[in-house]
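These notes concern the structure reproduced below.
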Amino acid sequence: MLKDCKTVWNNCLKVIRENIAEQSFKTWFEPIVPIRLFNNVLTIQVPSQFFYEWLEEHYVHVLRTAIDAELGVEGRLEYSIVIDKGNEKNKPYVINIPTSSKTTANSMVKENRYTNTAQNEGYKSPFELRDLDSLHLASYLNPHYTFDNFIEGDCNRLARSAGYAVANKPGVTSFNPLMLYGGVGLGKTHLVQAIGNHIKNTASNKFVLYVSSEKFTNQFIDALKNNNMQNFTNFYLQVDVLVIDDVQFLAGKERTQEIFFHIFNHLHQAGKQIIMTSDCPPRELKGLQDRLLSRFKWGLTADLQQPDLETRIAIIQKKLQTEGIFIPPMVIEYLAHSVDTNIRELEGVIVSLMAQASLNRKEIDMDLARQTLQNIVQHVDKEVSIEAIQKKVVDHFGLSLEELKGKSRRKEYVIPRQIAVYLAKEHTEHSLKSIGYHFGGRDHSTIIHAIQSVNDMLKTEQEVKSAIQAIQKQLKLKVTK
Ligand SMILES: Nc1ncnc2c1ncn2[C@@H]1O[C@H](COP(=O)(O)OP(=O)(O)OP(=O)(O)O)[C@@H](O)[C@H]1O
């Protein structure tokens with residue numbers, strides 16, 4: 001049966017969705033419209049040049065994988081870029097994945113798939129390229145993850161420096177295995193891939209293999225099903241540097257743990273480097289055999305923690321510099337203050353912001369940043385924002401925002417200012433530092449003083465108490481008794 005472009009693209013979207021974050025999917029793939037399928041070439045329409053470039057920079061692998069799965073390796077992707085939104089005129093921008101100079105998806109994936117084996121030339125391998133490919137054993141490193149673009153801070157210093165030592169002397173330091181752990185989106189994959197890339201670039205004779213535990217498990221199950229166990233094990237025993245991501249995923253999978261134990265022992269004894277990541281420290285890994293856990297502790301275990309404000313600012317700056325995009329410092333600080341959960345979320349916000357700016361042809365300023373944050377960061381939605389508090393306070397007292405945030409020490413400004421600070425502390429999750437930032441850059445001792453003053457006034461000044469209660473009611477907040 002002949003496939004139509006919509007069906008093919010919908011199937012591609014399924015593959016893509018599984019491989020990227022939900023927010024990125026919404027931002028970058030939902031706006032795409034499939035418009036043609038002819039001679040195994042799928043044409044998709046994208047809203048702007050920037051959009052196309054972003055897809056090319058960031059999603060070329062996943063696009064290629066999806067096209068491979070749907071149209072086979074001969075399949076091609078072509079972009080049609082909308083150049084005049086008003087007239088809906090399209091300029092067919094022909095980007096043929098395998099041949100475009102920039103869009104090297106096909107060749108890149110192939111190169112990457114085979115790099116490991118190619119590096120082993122001269123090394124007696126029992127496998128041919130096609131064996132690896134048909135077994136789907138070879139994984140690849142993402143070359144974008146490097147030490148250069150990994151920002152160092154107190155939150156990751158030990159992990160980074162141990163990683164760097166291992167990258168320079170794989171298998172030689174006592175950091176074997178190197179186990180990095182930490183919460184979601186804090187840079188574990190980035191760091192271990194940076195180690196892998198560094199080794200690949202500096203010691204090209206080493207066979208570096210990056211694999212997620214999930215993929216390892218699936219490969220193992222496939223090998224069992226297809227009677228390929230010998231090939232599976234032999235393949236892993238050839239590795240010089242094994243990077244295995246998210247080992248918590250092995251929990252409860254007894255047989256996978258057994259084969260991994262065997263591979264681990266063999267590699268370790270042969271002086272090969274093992275690098276692992278997990279979402280918690282080894283002692284808290286449930287469902288893993290004790291003998292594996294004790295081996296995980298042989299080398300060095302280091303954690304990655306939530307980055308502090310300065311590190312978050314540096315990460316945003318680096319990201320923008322890489323993309324060649326300018327955002328006013330105030331907006332950078334605002335974003336770093338507002339998104340303090342993890343770095344992936346922070347990156348998601350920046351990407352959405354850039355997309356919004358590009359799609360709507362707007363400058364990235366505070367207003368756009370606020371709007372974008374309101375739409376995508378849940379906790380901003382759940383609680384009242386400092387801006388909303390400030391707005392209600394100035395309305396209540398008949399002041400301007402500048403007067404509220406300004407330096408004047410006149411009583412008619414100071415008391416409303418202190419009340420607004422108090423409400424921000426009571427009803428938002430912002431830190432004292434962050435509140436200070438929203439009130440004209442005041443330091444945290446000034447904020448503590450303001451809160452203390454309001455607490456004192458609440459006991460004696462009925463007028464202040466009534467004002468606070470009225471503002472709380474208007475904002476539908478819990479009222480202070
Ligand atoms: N210190 C850092 N400097 C620059 N970018 C960072 C840093 N830490 C994390 N990132 C970026 O944040 C994003 C999320 O990081 P990564 O995927 O490595 O997290 P993770 O800890 O492996 O998360 P998960 O547990 O969900 O797999 C990546 O795009 C990564 O490049």
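Glycine too: its Cβ is placed from the backbone N, Cα and C atoms.
The annotation ATP binding site is assigned in TrEMBL to Gly185, Gly187, Lys188, Thr189. Look at TrEMBL and you will find 174-304 tagged as domain 'AAA+ ATPase'. According to TrEMBL, the feature domain 'Chromosomal replication initiator DnaA C-terminal' maps to 385-454. Per TrEMBL, the feature region 'Domain I, interacts with DnaA modulators' maps to 1-102. For 358-481, the entry in TrEMBL reads region 'Domain IV, binds dsDNA'.
Feature map: TrEMBL annotations on the structure.
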{"residue": "Gly185", "record": "ATP binding site", "Cβ contacts under 8 Å, 6 or more apart": "Thr341, Asn342, Ile343, Arg344, Glu345"}
{"residue": "Gly187", "record": "ATP binding site", "Cβ contacts under 8 Å, 6 or more apart": "Phe150, Asn156, Leu304, Ile343"}
{"residue": "Lys188", "record": "ATP binding site", "Cβ contacts under 8 Å, 6 or more apart": "Leu180, Tyr181, Gly182, Asp245, Thr277, Leu304"}
{"residue": "Thr189", "record": "ATP binding site", "Cβ contacts under 8 Å, 6 or more apart": "Tyr145, Asp245, Thr277"}
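Summary of the ATP site environment: with the site residues Gly185, Gly187, Lys188, Thr189 set aside, the chain residues having Cβ atoms within 8 Å of the Cβ mean position are Gly182, Val184, Leu186, His190, Leu191, Thr277, Leu304, Ile343, Arg344.
Residue counts of the domain 'AAA+ ATPase' (174-304) by helix, strand and coil are 67 helix, 26 strand, 38 coil (DSSP-based).
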